[in-house]
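Note sheet for the following structure.
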């Protein structure tokens, strides 16, 4: 609603309260008579609403115009300098001008929201981040800061997610918690680009196929002790720069270790330069030698503590810095295999470090540093004192606590997928919890890049990685698969483990009885037998059969002679309902879609967050650098020593 102040007549001298009796000049008298200037009063009323000038832009009535206007001096008979008139007009108008500035963080009223929602504006507002959503919207009593919507594939601007009360509803319109992060699917690129990854020629690995201009030799590789006489046609940096201290002695041999192809230059090497020290023969000095080998690592991060865990990729131990008492988790990578070259080993280590150091999210472990000492690599990470497996097996988790941890896991997966990365080895052992009750994903040794920036194609992964109970079935039957669908499947298995405290099956093969019954559908008619259903699953090539024949497995679960056939038929259930009936009712729909056998039909992370139950989960999170705990539950943090042994399988 626009407010137009009343207009008054005033002269060019700016005295609106009284007029001078004596005119200063005839020129000013003509301006007073010929020019009609209107202006708001000296003390105009305070404007409560922004003024819309578009309604009066084309009107000819000067009295209705909110700003002073001047008529064109073309019709004045006597000559008047138009520049003088314009300058005096502007100085007079500026005297009564009061600028209105609205801070960008101000919250408009309901009427202004309705008005601005219908008006066309050319101003492009920045996208709403999660912190901005929490700061601008009131929170209901039973919800946390993550009331932002679930992301759908065609999610648009945030206008339709707001209700009349100014708060965000809890339906599918709400933007997800990971919408603030750049999605790899937004950087599509040109599908007709001739330099796309799928259109490139395969890399030539044979050295004889490489053009000569791309073949480089290390400095000093073929040099004798008499200098560069063997290759007179080749240029080197030493031949271009005069060196007055060039002596053909031991320094020439030392230059071989500083080639541009040496990958160890990327690491912070703390090796001792004193080569005259010989290893001690006495066994009593072995501990001292160990500390000497890790002198640089100890000096920077303290001394090694207890072992946290070990796996195929290496072992993780605690290091406590003596200067400030800060605790780190240091992963010692596995030793180089005999079949691996030093270059291949360094490339695998750097790949895991580069992926981990590029990720910064509340639900992702923070990778801090990597150190090389004595041809061993150590990755320094933040320390989280609790592991998810011990917390789950303690039996102290409530269902709201399970929901919170599951949504935190999905938030970390959503961030990974938005960066074009897939973990491929999600399991309870790769989830840790810090002192703020934040679930963090660790171990990116199996992570792959499925989408590169400005590339339109999805790079499929290959190879079977991960633990058997968490494996997606397509990894066993397909050479190439979408790694995003693998993360979704593993996340659903993790939820089943947290809710049921047991695995749904040992491995996703038809030879496993639990998984085979999960894959089977209820017979549509009496003529359709379970063998026919399994034969149909075999044709679809969605799961691996295993080593045991189908009939043998069916006979092992045939009703006993002492058991009633009708009671056995009632107990035997087929299909996903066999597992879903054990889960809470509100979780069954999304878990069923996450455990879809066909990876093409399986939910992606966007559709998972579009579920109403996922949106309504009250989750602990970080907001503006502050830890926000959910009021619906309290996390029971259990250390690994307090966790009981896993229950025996029935």
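From the backbone N, Cα and C atoms, a Cβ is placed for every residue, glycine too.
Annotation comment: Swiss-Prot describes 1-14 (among others) as compositional bias 'Polar residues'.
Swiss-Prot lists 72 (among others) with the feature phosphoserine, giving experimental evidence as the kind of evidence.
As annotated by Swiss-Prot, compositional bias 'Basic and acidic residues' applies to 78-98 (among others).
Among the features that Swiss-Prot reports, compositional bias 'Polar residues' is placed at 140-154 (among others).
Under the heading compositional bias 'Basic residues', Swiss-Prot lists 222-231 (among others).
Residues or ranges marked as compositional bias 'Basic residues' in Swiss-Prot: 245-257 (among others).
Per Swiss-Prot, compositional bias 'Basic and acidic residues' is recorded for 258-279 (among others).
Positions annotated as phosphoserine by Swiss-Prot, on the basis of experimental evidence: 286 (among others).
Look at Swiss-Prot and you will find 308, 309, 310, 311, 312, 313, 314, 315, 316, 331 tagged as ATP binding site. Within 10 Å of the C-beta atom of residue 312 (ATP binding site) sit 8 other C-beta atoms, taking all shown protein chains into account.
Applying an 8 A CB threshold to same-chain residues 6+ apart, the list for residue 425 (active site, proton acceptor) reads 443, 445, 446, 447, 465, 466, 467, 470, 490. Taken from Swiss-Prot, the feature active site, proton acceptor applies to 425, supported by similarity to another entry.
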Cβ neighbour count within 10 Å of residue 308 (ATP binding site): 18
Least Cβ-crowded entry, counting other Cβ within 10 Å, from the binding-site residues listed as 310, 314, 316: 310
Where residue 310 (ATP binding site) falls in three-state DSSP terms: strand
Helix, strand or coil at residue 425 (active site, proton acceptor) [DSSP, three-state]: coil
